[in-house]
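Have a look at the structure below, then the notes.
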Amino acid sequence: MLARFPLYLRLVRMDKPIGSLLLLWPTLNALWIASDGRPRWPLVAIFALGTLLMRSAGCAMNDYADRDFDRHVKRTADRPLTSGKIRAWEAVAIAAVLSFVAFLLILPLNTLTKELSVVALFVAGSYPFMKRFFAIPQAYLGIAFGFGIPMAFAAVQGTVPALAWVMLVANVFWSVAYDTEYAMVDRDDDIKIGIRTSALTFGRFDVAAIMLCYAVTLGIYAWIGATLGFGLAFWAGWAAALGCALYHYTLIKDRERMPCFAAFRHNNWLGGVLFAGIAAHYLVAGAAGN
């Protein structure tokens with residue numbers, strides 16, 4: 001078992017934290033906004049660890065669902081499950097254990113949060129199979145990656161206001177943007193094996209669609225900032241996020257594989273500076289109030 005542990009870590013992408021960070025930033029945005037910038041630190045820890053566990057479980061299930069496809073894709077052919085280094089039942093078992101541990105984390109929270117976690121588990125578990133049926137599975141991914149948003153509001157406020165769903169919509173558009181960049185890397189392989197992705201669905205309009213999704217995401221956050229009366233600290237973070245999106249255009253405009261992958265990875269910075277702007281606003285507002 002210990003000898004296989006490094007393989008299990010690769011299966012759940014512990015060597016590639018970018019996915020966990022892309023889940024974490026929107027969840028932190030929600031926690032800070034829901035609590036007016038004063039989230040309880042145990043709650044932050046629960047959601048941060050839960051995000052890591054559920055992303056890891058999702059990776060295991062994704063590899064299980066795609067095991068017959070991944071061997072035909074150069075980038076994924078050496079994954080532990082695809083290459084036969086671990087067995088299919090091991091991936092399912094790991095996903096189940098991680099999901100169970102994540103559920104244990106939220107047991108101290110209110111009933112609504114636990115009920116939403118069941119929905120989140122269903123969405124996360126079913127996402128890997130959407131690529132067979134749905135022309136833009138990245139939109140479904142956005143729901144899966146963003147379900148920490150309504151859960152965060154539920155945990156803090158005991159209800160899920162309209163603002164939480166608006167933030168979830170923003171996350172869907174952001175996910176379509178960055179995961180289309182990711183899908184552009186595998187475009188040729190996906191055509192060959194018949195998997196549906198937004199990069200194929202958008203076709204020659206892929207770059208335009210990505211930039212439109214960034215515009216909608218940042219437009220929604222601008223509306224949130226204006227509605228909630230956020231100050232200059234937020235707008236500085238928002239402007240930095242806009243700069244990141246414009247930088248991504250320079251990377252993806254020629255549709256080359258490695259620059260597209262670099263744009264995908266750079267979304268960590270976009271999410272990070274946007275959260276930094278939100279957190280900084282509450283920090284400045286709190287200092288001014290004192």
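For all residues, glycine too, the Cβ spot is worked out from N, Cα and C.
As recorded in Swiss-Prot:
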- 41-61: transmembrane segment (TRANSMEM)
- 89-109: transmembrane segment (TRANSMEM)
- 133-153: transmembrane segment (TRANSMEM)
- 158-178: transmembrane segment (TRANSMEM)
- 202-224: transmembrane segment (TRANSMEM)
- 269-289: transmembrane segment (TRANSMEM)
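Contact check: the transmembrane segment (41-61) against the transmembrane segment (133-153) gives at least three Cβ pairs closer than 8 Å, residues 6 or more apart, which meets the contact criterion. Within its own chain, the transmembrane segment (89-109) is flanked in space by residues 8, 11-12, 43, 46, 49-50, 53-54, 56-58, 60-61, 63-64, 81, 117, 121, 125, 151, 154-155, which lie at least six positions past its ends and keep a Cβ under 8 Å from the stretch.
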